[in-house]
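Some features that TrEMBL has for this protein:
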ACT_SITE  23  active site
ACT_SITE  216  active site
DISULFID  146-346  disulfide bond
DISULFID  205-370  disulfide bond
DISULFID  257-306  disulfide bond
DOMAIN    7-342  domain 'Peptidase A1'
SIGNAL    1-26  signal peptide
TRANSMEM  380-405  transmembrane segment
Ligand SMILES: *[C@@H]1O[C@H](CO)[C@@H](O)[C@H](O)[C@H]1NC(C)=O
């Protein structure tokens, strides 16, 4: 999960009357276990006869915020359809930093990514894996996030649905297009191309996947690798009909305001992301209209509506976050190792759709593989850091040895030797 600004989007669903952030970018299930100034209620394990503490401490860091808690297990009963009781891992949060933000009405997080990301190790079975095993539901869940074109309030999105174990036909229209999951940790996918207002950005497709492209419901915005971000901002600024824009709008530190009677959306271009199809010689594109990425956030006075830019830059990933996901019904088909996208009926503003899916397109114009084979995942980083550490050690050793060796070779200057460059040149010449 990544909280990139004080304003972020999430889904609510109810467990013991607690609101849980649904996060496809992490893999631990955790709830507040003690009172916190920023949470209105919490889970008290002492009141649960089925709770078992494992006494193992765990810390999870997100791109912003972190928490420390204790691992345990408890028995849950699921609402709607999944009748029965299931034993799942649950961490009770005892301490946190920038996690429960003021004014935010959620009390925990449900990490729905793969066990490779579970902390402290992948042996902590994830919530969804436990459910699939015990409830014998298909290994697939789907997520419809709603809120397109609606004001972003401090308390989150405007609702949505999480379907565990399948696909709900009423939550989408048209076809579902699937892209393969490249590696099972985050939901990592392969992006082939980006278009702004129908114009190809023309970057090397590896830039779009630097160093990974993931689908993450816990991230508020569409995040782009720095190079891609600046190309997109340039293209939007060029294509938009707006004379001049302060750079602070693009970096997210300033809002742009218009009279309430005039919506600014017609001034901005459509944004399209091409994903590789299951048939690797094909692709499809998901497009978001400005209603999704120019987001109303604040009203000033009687008639000024202010908007933020729903795209930000990232140093290590392209993240398809809530900004994009609000346009689609997204299917996490783990059984067939693929992520599906379909147009979502709640993705409309003023009666008009704000997202599109089209395909198939040929992939003849892009490389056969846009995901670099040397991906800097954590194990590789560890090896790299160990290698660097040993290198430092060797250099240190050499320096110590040099310091200990008596300076025999050093030339000792006497008064006669003190010459400036010019005179030494002259002397050489005369020799
Ligand atoms: C994959 O797509 C190509 C190009 O559209 C097509 O010629 C080929 O038959 C497809 N392969 C399969 C297995 O569907």
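Every residue gets a Cβ built from N, Cα and C, even glycine.
Keep in mind that TrEMBL annotations are predicted by a computer and have not been checked by a curator.
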Residue 146 (disulfide bond) to residue 216 (active site) - Cα separation in whole Å: 15
Those disulfide-bonded residues, out of 205, 306, 346, 370, that come within 10 angstroms of residue 23 (active site) at the Cα: none
All-chain count of other Cβ atoms within 10 Å of residue 216 (active site): 24
Neighbour-count leader, CB within 10 A, disulfide-bonded residues: 205, 306: 205
Neighbour tally for residue 146 (disulfide bond), based on other Cβ positions within 10 Å of its Cβ: 19
Distant-in-sequence Cβ neighbours of residue 346 (disulfide bond), under 8 Å, six or more positions away: 144, 146, 148, 160
Which same-chain residues, if any, lie at least 6 apart from residue 370 (disulfide bond) yet have Cβ under 8 Å of it: 190, 191, 192, 205, 206, 208, 209, 276
Collapsed DSSP category at residue 23 (active site): strand
Least buried by Cβ count (within 10 Å) of the recorded positions 23, 257: 257
Local backbone state of residue 205 (disulfide bond), from DSSP in three classes: helix
